[in-house]
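All remarks here apply to the structure that follows.
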Amino acid sequence: MKEQGSHYPYVMLIATTVMAMIIIGGLSSFSILYKELLDFYNTRAGDTAIISSLCIFLNFAIGSFRLVMIVGGFLGFLGLFLSAFVSQMELWILTYGVISGLGFGLVYSPCFTVINFYFERRRALAIGTVLLGTGIGSVVFPFVFQSLIAYYGLRGAVLVISALTLNICVCAALIRQPKELSHRKTSLHQKTNSEDESQEMKNKTNHDEKKQTCFNCHVCKPKRPLFHFSLLRIPSFLIYSIGFMCSIFAYFSNFVLIPGHARVQGMDSEDIAVFLSVVGGMMVLARPAVGILADSNLIHKRNIIGAFVAVGGILSIILPWMPGFFPLIIYSVSVGIFPGSFFMFIPLLLLEITTLDNLPQAQGLMNLCIALPVGISQPAAGWLRDLTGNWCWSFRVSGAVSLLAGVCFVLEPAFRPKKCLKENQTVSSESAQLENL
């Protein structure tokens with residue numbers, strides 16, 4: 001289904017944007033809770049970072065539409081609700097890290113997958129709009145979290161946040177199953193019925209036997225796989241996977257690095273909330289513009305994201321040599337503009353090596369690949385800090401990984417067969433000509 005001729009896809013676009021805003025806004029704002037948890041439970045930086053890292057890991061490791069998203073919204077609420085009553089920090093790993101992480105994982109990935117089926121010509125802009133919601137959440141939620149903690153304390157704030165998470169269920173109820181995915185089931189059902197009727201007409205004496213045979217064939221019909229592991233044999237997919245794995249490692253480590261580095265320099269929670277809001281604010285401003293740039297085909301999408309993550313990596317490496325409030329503000333701006341833009345390029349680059357019908361499986365496999373670095377990014381930054389006594393090496397390692405991502409994206413054509421490269425260039429040229437008509 002395309003965006004022309006129907007306005008309901010825009011309703012779904014709004015719904016997915018709100019869901020993405022709640023999930024990513026909450027996850028990115030965990031840095032506010034992170035500081036409070038360090039003080040409240042008096043724990044180590046690396047161990048405390050496991051909580052949000054595990055939640056984000058599960059957010060990308062699983063994903064599926066509608067009823068599953070409603071269940072995911074409820075699990076997100078349940079995990080936060082239970083977190084308000086635990087007496088030990090380790091239990092947060094189970095309640096928030098596992099339960100809420102499972103719930104968010106059932107919601108977040110489908111938010112982006114379903115939009116690809118309803119928008120074609122403006123696909124990058126539509127994805128940028130959903131990511132715009134994550135930016136708005138990243139701007140608003142840090143101040144919301146900070147205000148709730150100031151008025152209600154840590155536990156009271158978590159209870160209010162859990163109630164806010166229930167709005168995901170309302171938005172998920174607006175999601176419709178794409179026709180491209182439901183069409184196969186309908187066609188298979190009709191085909192099976194036709195075969196039954198034809199068999200009955202041809203051979204009435206074997207009616208029961210034939211009917212049972214057709215039923216067995218229907219039951220044994222192979223289902224669509226959850227992942228297309230055959231993509232792992234494609235060099236481009238492997239290179240993109242490495243690039244996105246490095247990008248997401250560097251990006252999510254910032255939500256421990258920024259508050260940790262600020263805390264060491266004597267800055268309070270209000271300053272940290274400002275930094276996180278600046279990250280979200282720049283995502284709000286940058287992502288739609290990046291989406292328009294990607295749709296324009298002036299620069300290849302892989303070169304755009306390659307340059308962005310490389311710039312982010314360079315700034316991460318040099319930040320430790322510039323302490324103070326304003327360098328952190330400038331760094332937060334760069335995180336929102338450069339590394340923060342890579343999410344929208346995941347489905348766009350995947351569609352270069354797979355078809356739209358296979359995108360959910362390809363997206364699922366990619367999410368499975370990037371889940372591992374998400375799971376270790378924040379604890380690794382915390383453990384490096386515990387080992388070295390400062391955040392300098394954590395910033396430098398994050399920057400080096402981001403630079404590696406940029407190299408992977410830019411050099412991807414070198415790993416692609418020449419014949420495939422020429423065909424893709426021809427298809428891209430023809431698509432650009434059709435869009436301009």
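Including glycine, each Cβ sits where the backbone N, Cα and C put it.
Keep in mind it's a predicted model, so treat the numbers as computed, not measured.
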Checking feature assignment: transmembrane segment per TrEMBL, candidates 62-82, 125-145. Which range matches? 125-145
Run the contact check on the transmembrane segment (12-34) against the transmembrane segment (125-145): 3 or more C-beta pairs under 8 Å, excluding pairs closer than 6 in sequence. yes
Given a Cβ distance threshold of under 8 angstroms, which distant residues of the chain, six or more beyond its ends, lie next to the transmembrane segment (151-175)? 11-12, 15-16, 18-19, 22-23, 26, 33, 36-37, 40, 65-66, 69-70, 72-74, 76-81, 83-85, 100, 107, 110, 114, 145
To the transmembrane segment (328-350), which of 93-118, 125-145, 393-415 is linked by the most Cβ pairs under 8 Å? 125-145
Cβ pairs under 8 Å only, please: of the recorded stretches 272-292, 304-322, 362-381, which one is richest in them relative to the transmembrane segment (125-145)? 272-292
Stretch with greatest number of CB pairs under 8 Å, the transmembrane segment (393-415) reference, 93-118, 272-292, 304-322, 362-381 candidates: 304-322
